[in-house]
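Chemist: Below you'll find the structure I mean.
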Amino acid sequence: MFIDELIIHIKAGKGGDGVVRWLHEKDKEFGGPSGGDGGRGGDVFAVSARNLNLLARYRNKKEFCAENAENGKNNNLHGASGRNLEILLPIGSIITNKQTGEKIYLNKEGEKILLLKGGNGGYGNEHFKSSINQRPKEFTKGKLGEEADFYIEVELIADVGLIGLPNSGKTSILNELANTRGKVGDYPFTTLEPNLGEYFGHIISDIPGLIKGAAEGKGLGHKFLRHIRRVKILAHLISLENEDLDEAYKIIRKELGRFDKELLDKKEIIVLTKTDLIKDEKTIEKIIKKMQKINPNIIALTIYDDNSVKKFKDFLHKFLVLCANTSITA
Ligand SMILES: Nc1nc2c(ncn2[C@@H]2O[C@H](COP(=O)(O)OP(=O)(O)O)[C@@H](O)[C@H]2O)c(=O)[nH]1
Ligand SMILES: [Mg+2]
């Protein structure tokens, strides 16, 4: 199951207490102080990884703790520090500390960001020794580690987002581009989770479940719409099976706009799919001409013809390069 939001409680480790100990020396009735300091409690870090299924791992575990430190020891030995805790989270995670409101974005692979600090260790009685106090009995306790609830949500970060009505061929194209193994089916909602693939260094994301009413929560669309926010360009797929292509296009655009107007400003290409279903080339050309009025960046393909898939790949690659060179960030 794909999980893209979660609340967890995290605690950094407690510092160890300082202790009161005395040296035991031969021939001396009273040895000096020798209580060591407590160790430092473990810190907690978020570490980003390229694995979308990470949140699902934490579904049944809502408490996370770094290790507590050890108390001080005799002979002035410090207690061992607690081990740090690293929580692996997917790239694209937005982590909100619910106590402070602070937000952290994990945008790149391998980022490591401090979430909570472990508590400092307390002082042992050796620390309090001075010329006027040879036998201090003071010590301090270790401090508690920081702790907080965190809301974690994931927004996919991708170069290309494949959108379109169910059955438009999104998963099939992702499979062609990236050799992924998404489920392909001729009934709606085969893809219940977004699939990601890589094509020559570009991350391609298959965004399923967009239907009429998705922005209001119909189907599963609302769950996936937010993943479009951080996609650089949209590849809008329209199957030639649709009797009214214009209408099919508009349904999706309307949902995008309803969810977030800014999604409509993203660079978009139109991909007419399943050209094999129309035998007459001229009809396809006519359709392309007509749809070009909506968006001149248009291409038609069938996954059953390698040549047309290759043309699409080149087209997509060129478009991505063009967007990068004109520094389009939307
Ligand atoms: N005839 C034809 N069928 C296709 C083509 N691409 C995909 N399909 C079929 O259309 C159905 C839906 O495809 P899928 O990739 O699951 O669409 P998605 O719902 O948009 O992800 C599947 O049965 C595919 O085999 C194509 O180019 N031509
Ligand atoms: Mg699909």
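Glycine residues also receive a Cβ, built from the backbone N, Cα and C atoms like all the rest.
Quantities reported herein were computed from a predicted structural model and do not represent experimental measurements.
Annotation comment: TrEMBL describes 1-157 as domain 'Obg'. Among the features that TrEMBL reports, domain 'OBG-type G' is placed at 158-321. What TrEMBL lists as Mg(2+) binding site is Thr171, Thr191. TrEMBL lists 189-193, 206-209, 273-276, 302-304 with the feature GTP binding site.
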Chemist: Please go through the binding-site residues Thr171, Gly209, Lys274, Asp276, Ile303 one by one and keep those whose C-beta falls under 6 A from any atom of ligand 2; give the result in sequence order.
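Modeler: Going through Thr171, Gly209, Lys274, Asp276, Ile303 in sequence order, those close to ligand 2 turn out to be Thr171.
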Chemist: Hey, what's the Cβ neighbour count for Ile207 (GTP binding site) at 10 Å?
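Modeler: Its Cβ shell of radius 10 Å holds 23 other Cβ atoms.
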Chemist: Just to confirm: which same-chain residues, 6+ apart in sequence, have a Cβ under 8 Å from the Cβ of Lys274 (GTP binding site)?
Modeler: Gly169, Ser239, Leu240, Glu241, Thr302
Chemist: Measuring Cα to Cα, how many Å separate Asp276 (GTP binding site) from Thr171 (Mg(2+) binding site)?
Modeler: 17
Chemist: Distance between Ile303 (GTP binding site) and Thr171 (Mg(2+) binding site) at the Cα atoms, whole Å?
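Modeler: Answer for this pair: 11 Å between alpha carbons.
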Chemist: Could you find out if DSSP has Gly209 (GTP binding site) as helix, strand or coil?
Modeler: coil
Chemist: Using C-alpha atoms only, work out the spacing between Thr171 (Mg(2+) binding site) and Gly209 (GTP binding site) and round it to an integer in Å.
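Modeler: Just about 12 Å between their Cα atoms.
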Chemist: Determine the minimum-neighbour residue: among Thr171, Gly209, Asp276, Ile303, listed as binding-site residues, which Cβ has the fewest other Cβ atoms within 10 angstroms?
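Modeler: It is Asp276 that, of the binding-site residues Thr171, Gly209, Asp276, Ile303, has the fewest other Cβ atoms within 10 Å.
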Chemist: Where does Ile303 (GTP binding site) sit in the DSSP three-state scheme?
Modeler: coil
Chemist: Mean pLDDT, the domain 'OBG-type G' (158-321)?
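Modeler: Here the predicted model's pLDDT, averaged over the domain 'OBG-type G' (158-321), is 87.
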